[in-house]
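Below you'll find the structure, written out as structure tokens, and then a few comments.
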Amino acid sequence: MVLTNNITSIFLLGFPNLENMTFPFFFLLVLIFCGTISGNLLIMVLYLVSKTLQSPMYFFITQLSLCDLLLTTDIVPVLLHTVLYGGSSITLIGCFIQFYIFTASECSECLLLSVMSYDRYVAICKPLHYHSFMSQKMCVIFVIGIWLVGCLASFTYIFSLYNLYFCGPHVIDHFFCDFEPLVKLSCSDTFIIHVHILIFGSAFVVTPFLVIVTSYVYIVITILKIPSSTGRHKAFSTCSSHLIVVSIFYGTIIIVYMFPTKEELLLLSKILSLMYTVVTPLLNPIIYTLRNNDFKEALYKIKLSFR
């Protein structure tokens, strides 16, 4: 017997107690949104037009920018409406679509960060084999595989959610359609879907994180064997930006999803969710461009070409 859902739309509460902070918070989000779009598009354009950036590391950074653009355009417009009007209504199908794009971009980013750590491992620990291990063909295969796996895995999430019976209430105390708030609207038995999510969460969060940690253990051991302090500093500097991005991204993800959220900690959970859905996509291009001389030189050359 197929049950028809009692709810067709969902109301997102967002941040209902902003009071006098509504407009400042709204304009801050607008600035972050514009900065995120501009920064990530700038990285992608620089990669396309600059010959000095044609390397695997920068190719992966452009894919990270693509993940951030997808995430930002998926989450922030609805968030802006929610903040400005004290809430936002979204159809159940629209909620599924938002969650699908969110999951696809986050799964892809987890895998991409692990591949980027492998790239740094090969560059530092096996430099003589770098061009064979990280050839252009291999990098394209990595990226295609990451997007396919991320999109297919997200589809399984949505398929599991779609088969649930949603009976209400139709209100979510969050600013976007996340997994746990959506499942709470269901009257179906959600044990299987929680097991399913736990398995896939381990595959897309824990496993890539272990790959990153293992890569950097070998990287640190190799760097410490370099006799000159200048050589050690140069090797560490090539990894620092990636380590900062990984720390911010995984730090908030693990806190939000690996620890159960109590009702009294709901606001903290929303703030942490803001970190990896809104703030991190802005920080990524800033970290990679401000700490990277190649990007600075490419940008400088473009400025000169317009003079």
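Even glycines carry a Cβ here, placed using N, Cα and C.
Note that TrEMBL annotation is computational and uncurated.
Taken from TrEMBL, the feature domain 'G-protein coupled receptors family 1 profile' applies to 39-288.
Sequence annotations record features per position, and here TrEMBL assigns transmembrane segment to 25-49 (among others).
What TrEMBL lists as transmembrane segment is 139-159 (among others). Taking Cβ pairs closer than 8 Å, the transmembrane segment (139-159) reaches residues 56, 59-60, 63, 96, 99-101, 103-105, 107-108, 111-112, 115, 179, 196-197, 200, 203-204 in its own chain, all 6 or more past its ends.
The annotation transmembrane segment is assigned in TrEMBL to 191-224 (among others).
A Cβ distance under 8 Å defines the sequence-distant neighbours of the transmembrane segment (236-259), meaning residues of its chain 6+ beyond its ends; these are 64, 106, 109, 113, 116-117, 120, 123-124, 201, 205, 209, 212, 216, 219, 223, 269, 272-273, 275-276, 280, 283-284, 287-288, 291-292. What TrEMBL records for 236-259 (among others) is transmembrane segment.
Beyond its flanks by at least six residues, the transmembrane segment (271-290) meets 29, 32, 35-36, 39-40, 42-43, 61, 64-65, 68-69, 71-72, 75-76, 79, 102, 106, 174-176, 178, 241, 244-245, 248-249, 252-253, 255-256, 296, 299 of its own chain at Cβ-Cβ distances under 8 Å. Per TrEMBL, transmembrane segment is recorded for 271-290 (among others).
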